[in-house]
Every structure is written in C-alpha cells, then in structure tokens.
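Some features that TrEMBL has for this protein:
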| type | residues | note |
| --- | --- | --- |
| TRANSMEM | 21-42 | transmembrane segment |
| TRANSMEM | 62-82 | transmembrane segment |
| TRANSMEM | 94-116 | transmembrane segment |
| TRANSMEM | 136-160 | transmembrane segment |
| TRANSMEM | 167-187 | transmembrane segment |
| TRANSMEM | 193-216 | transmembrane segment |
| TRANSMEM | 251-274 | transmembrane segment |
| TRANSMEM | 280-303 | transmembrane segment |
| TRANSMEM | 315-336 | transmembrane segment |
| TRANSMEM | 356-378 | transmembrane segment |
| TRANSMEM | 385-407 | transmembrane segment |
| TRANSMEM | 413-436 | transmembrane segment |
Amino acid sequence: MSNNRLLTEGRPFPTLLRFSLPFLLSNILQACYGASDLFMVGRFSDSIGVSAVATGGQVMQTITGLSIGLTAGGTVLIGRYFGARQKRAIAHAIKTMVIVFGLISLLLTAVTILLLDPICTLMQVPPQAVETTRQYLFVCACGILFIVGYNVVSGILRGLGDSRTPLILITIACVINVSTDLLFVGALRMGAYGAAVSTVIAQVVSLVLAVLYLAAKGLLRKYFHSEPCFRLYAAKGVIAAGLPIALQEGLVNVSFLVLTAMINSLGLIASASVGVVEKLIVFSMLPTTAFSAALSAMTAQHYGAGLMDRARHCLRLSIGLSLLFGMGCLFLAQWNAPALVGLFTADPQVIAQGALYLRSYSLDCVLVCFVFCINAFFSGGGHTFFPLIHSLAATFLVRIPVSWLLVHTAQPSMFHIGFAAPAASFLSMLLCQFFLTKHYPDGTKTKGRDLVRPHPQI
C-alpha cells in the first residue's frame with residue numbers, strides 16, 4: 001500500500017508532525033461527529049433531550065473507549081511486526097483481530113441492549129429523561145458492531161504507518177452524521193432518537209467504505225488468502241498489548257460515568273451542563289490525544305527496529321507540542337467560559353452552571369499532556385500494565401472519592417466538583433514521571449522483546 005511507511009526514517013520532528021496531523025484532523029472530525037448530536041438536540045430540542053444525549057453519550061463513549069483501547073493493542077503489535085519486517089506475522093495479527101473483535105462487538109451489543117434499564121438506574125438519569133435516554137441508548141447500541149469494525153480497520157492501517165485513510169473515512173462519516181442530524185433533529189424534530197439514528201447511519205457507511213478500501217488496495221487478498229484465519233499467539237499478543245490499554249480507558253470512562261451519575265442526582269440543569277462541558281473538554285484535548293496516539297504507533301515501530309533512544313526523543317517532542325495546545329485551551333476556558341458553553345445550549349441556567357464547571361475542569365487540559373504522552377510511550381514500548389496501575393490509583397484514590405465528597409457537601413458547587421478530574425490527573429502525572437525516570441529502561445526492554453519476538457509458527 002502506497003501510504004504504508006516506516007516511521008523510523010527521517011528526522012523525528014517532521015516525521016511526528018506529518019504522522020500526527022491526520023490523527024489530529026481525525027480526532028477533530030470524530031469529536032464533531034459525536035458533538036453534532038448534542039449540538040443539534042441542544043438547539044432544536046429541550047433540556048430533557050440534552051440530558052439524554054449527554055448521559056447516553058457517556059455510556060457509548062465508555063464502550064467506544066474499550067474498543068479503541070483493545071484495537072490499539074493490534075496497532076502496537078502490527079507496528080512492531082512492521083518495524084521488524086515480519087510480514088507473515090502481520091497477516092496473522094490482522095486476521096486474528098477481525099475475528100476476536102467481531103465476537104467482542106456482538107457481545108457488547110447484546111449486553112448493552114439487555115441492560116438498558118439497569119444502566120439508566122445506575123446513571124441516576126433524571127426521571128423526566130429516562131425514556132428518552134433509553135431510546136437513544138438502544139439505537140446507539142445497534143451500531144456497536146460498526147464502531148468496533150471501524151476502529152479495527154483504523155488500527156490496522158495506523159499500525160502499517162497509514163494515518164491518512166482513517167482521516168478520510170471519518171471525514172465522510174462526519175459529513176453524513178451532520179447532514180442526517182440536520183434532517184432528523186432539525187427538520188423532522190425527532191430529538192434524541194433522531195440523533196441516534198443519524199449516528200448509526202454514519203457508522204454503517206464508514207465501515208462499509210473502510211472494507212471497500214481494503215479490498216481496492218488488495219489488502220483483503222494479501223492478508224486473508226491461503227493463511228489460517230486464527231492464530232492463538234497473535235490473539236495473545238493483541239490482548240496482551242490491548243487489554244491494559246482498554247482497561248485503562250474503561251476505568252477512566254467508568255469514573256466519569258460515576259461522576260455523571262452523581263451529578264445527575266443534582267437535577268436536570270446540572271446533568272445537562274456536565275454533558276456540554278464534557279464535549280468541550282473532548283475538543284480541548286484533541287491535540288494531546290492526537291500526538292499521543294501517533295507517538296504510540298511510532299514507539300512501536302521504533303521498538304521493533306531497536307531504536308528506543310529515538311523514541312524517547314519523540315516522547316519529549318510530543319509533550320512539548322501537546323503543552324502548547326493545552327495551555328491555549330486553559331486560557332480560553334478561563335477567559336470566556338460562558339461563551340464556550342453557549343455554543344451547545346441557549347439555556348441560561350445550563351450556561352451559568354457549565355461555565356463554573358469548565359473553569360475548574362479545564363486545568364486537566366495541561367496535566368493530561370504529560371499523562372497521555374507518557375502512557376503512549378509505555379504502551380508502544382510494550383509496558384502496558386503501568387498505565388493501568390496508575391489509572392487504578394487515580395480513579396479509586398482520587399477521582400471517585402473526591403467527586404463523591406464534593407457532590408455531597410452541604411452546598412455542592414459545580415466549580416468545586418470540576419477539580420476532581422485535574423486532581424486525579426495530577427496523581428497520574430507524578431506516578432508517570434517517577435516510573436519514567438526510575439524504572440522504565442530495564443522493565444520495558446524485557447517486555448517489548450517478549451511481545452515482538454517471532455512465533456515459532458511464522
């Protein structure tokens with residue numbers, strides 16, 4: 001494939017920028033793709049619809065995060081094999097990913113649909129928004145197969161050094177989602193239900209186009225012809241690399257689900273304001289997410305090629321670039337938070353509460369620059385369990401207990417509640433820095449070699 005390239009060649013800075021840009025644009029479009037539902041419902045529906053989309057969106061974000069985390073394991077493994085030029089191992093990993101994640105997506109769909117009522121109960125959805133939330137979640141759950149499928153294809157392509165094609169695919173999906181949102185939510189006034197339908201339509205189209213692209217480039221024939229469909233060693237490698245990442249993503253998302261449930265107990269206005277701010281935070285962290293995702297793939301290829309000194313240089317570059325954007329987002333949030341919240345809703349109460357929450361929460365935009373990039377470096381180098389460990393610590397020692405305490409004060413304030421996430425990230429940052437400077441070299445070298453070593457069957 002013409003877009004496939006080794007990321008171990010050329011100067012690190014331009015290589016990182018060139019490879020990160022499609023990630024950034026893809027993430028922006030992905031965020032627009034997700035935010036268009038909330039934006040349209042906020043403009044053409046009421047606070048009930050906003051609360052339903054905000055809460056349902058958090059649940060779907062958790063499922064999507066698990067999918068992205070698991071498929072990131074495939075990206076890392078394929079990147080290592082690609083860097084080490086083990087072509088047959090790449091084929092084994094790709095086919096195994098398709099089978100494993102196909103089964104996982106069906107399981108996630110069934111579980112989500114069966115647990116709709118318990119989910120609404122656990123999330124403490126405001127009573128007037130329960131039925132709307134349930135409808136939104138049911139329709140979105142029907143699209144889980146297509147979410148996972150798209151992430152599998154994107155993970156494969158990025159592992160092979162192609163970050164452009166996923167950008168093209170998500171661009172098309174975003175255009176379709178916004179267009180159908182305008183039709184179903186704006187013109188037909190279908191509210192949250194219409195937003196969910198438009199999302200699933202876009203997901204179906206993105207996966208179909210992804211498969212057609214693989215076929216057109218000959219990748220289906222190249223990697224699925226004359227080889228066994230499933231290899232246990234490849235499945236173990238994908239799970240070993242992806243499960244800690246997925247669990248880490250899952251823990252972070254679950255902690256925010258818990259926080260959302262706590263805030264939902266404060267009423268409809270608080271629920272809607274948190275949903276809006278979460279979308280703004282997603283946008284503010286897009287550059288950091290892009291640089292860290294690119295760094296993970298680059299580190300994997302560098303590790304496969306035995307160039308970890310160069311990978312460490314890429315880590316420093318990623319943190320520096322991320323900080324430029326993180327500081328800018330923090331400044332904007334402190335300067336005019338009401339205007340930012342007002343982009344998603346015209347409700348003055350939601351704007352006022354959301355602005356308070358955003359001002360404190362936005363500190364996280366700076367702290368995650370260190371956490372995300374160091375996590376990506378660890379994951380790409382094969383040391384995937386440490387990010388899981390510090391996420392456990394941050395989640396259960398800081399984010400959840402601090403949130404609970406702040407929500408259950410005599411006079412809960414959205415401004416104070418917003419500090420829970422930055423406090424958790426601060427602990428993660430300290431642990432990451434300690435591990436990076438004191439423990440990384442020896443432990444990761446051993447782990448990485450184990451994961452990239454050719455299997456006897458190859």
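Just so you know, glycine gets a Cβ as well, placed from its N, Cα and C.
In this chain, the transmembrane segment (167-187) lies close to the transmembrane segment (21-42): three or more C-beta pairs between them fall below 8 angstroms, excluding pairs fewer than 6 positions apart. Each of 62-82, 251-274, 315-336, 385-407 was scored by its Cβ pairs under 8 Å to the transmembrane segment (356-378), and the highest score goes to 315-336. Packing against the transmembrane segment (251-274) from elsewhere in the chain are residues 47-48, 50-51, 54-55, 58-59, 61-62, 65-66, 122-126, 128-129, 341, 345, 347, 349-351, 353-354, 357, 388, 391-392, 395, 399-400, 403-404, 407, 412, 414, 417, 420-421, 424: each is 6 or more residues past its ends and has a CB under 8 Å from a CB in it. When each of 21-42, 94-116, 280-303, 413-436 is scored by its Cβ pairs under 8 Å to the transmembrane segment (193-216), the top-ranked stretch turns out to be 21-42. Sequence-distant neighbours of the transmembrane segment (94-116) (same chain, 6+ residues past either end, Cβ-Cβ under 8 Å): 59, 63, 66-67, 70-71, 74, 78, 134, 137-138, 141-142, 144-145, 147-149, 151-152, 155-156, 223-224, 227-231, 234-235, 238-239.
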